[in-house]
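S.K.: I have a structure I would like to understand better, so I am pasting it below and will then ask my questions one at a time.
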Amino acid sequence: CLLILGLVLEQLQVEGKSCCRSTLGRNCYNLCRARGAQKLCAGVCRCKISSGLSCPKGFPKLALESNSDEPDTIEYCNLGCRSSVCDYMVNAAADDEEMKLYVENCADACVSFCNGDAGLPSLDAY
């Protein structure tokens, strides 16, 4: 779980910058990149890939409109992350204690990921 989120975050930093019009587009792109190709995810989520230092006009990287659906979007991102990544870890755990630890750390990573916290501490710490 944490490795997957770490790889997604690392890909976002190494590859071209993804520029999205909204938080919904940003979350869509981030979740899609867990399995999808950069160009595919950008197209599906209506984002653009920029190799420059800034995003094209109309595609702010993480800017939100004042009346955006940010809380709902973040909640859906958290639910999607937890159900697709953290639930998988339940089956991988050897015992109840290990499962509890995995799920707790995974849930924390999902919250940070969905809130756009690019300054995550090293995921190896989990």
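Cβ atoms are placed via backbone N, Cα and C, with glycine included.
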S.K.: Say which of C41, C45, C55, C77 is recorded by Swiss-Prot as the disulfide partner for C19.
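M.R.: If we follow Swiss-Prot, the cysteine bonded to C19 turns out to be C55.
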S.K.: Of the residues C1, C45, C47, which one does Swiss-Prot pair with C28 through a disulfide?
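M.R.: Candidates were C1, C45, C47; Swiss-Prot matches C28 with C45.
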S.K.: Tell me, from C20, C77, C81, which cysteine Swiss-Prot puts in a disulphide with C47.
M.R.: C20
S.K.: Which residues, sitting 6 or more apart from C45 (disulfide bond) on the same chain, put a CB under 8 Å from its CB?
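M.R.: Counting only residues 6 or more apart in sequence, the Cβ neighbours of C45 (disulfide bond) under 8 Å are C20, G25, C28, Y29, C32.
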S.K.: Quick check for the class: what is the C-alpha distance, in angstrom and rounded, between C47 (disulfide bond) and C19 (disulfide bond)?
M.R.: 5
S.K.: For C55 (disulfide bond) and C41 (disulfide bond), what Cα-Cα distance in Å is obtained after rounding to a whole number?
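M.R.: Cα of C55 (disulfide bond) to Cα of C41 (disulfide bond) measures 17 Å after rounding.
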S.K.: List the Cα distance (Å, whole number) between C19 (disulfide bond) and C41 (disulfide bond).
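M.R.: Cα of C19 (disulfide bond) to Cα of C41 (disulfide bond) measures 12 Å after rounding.
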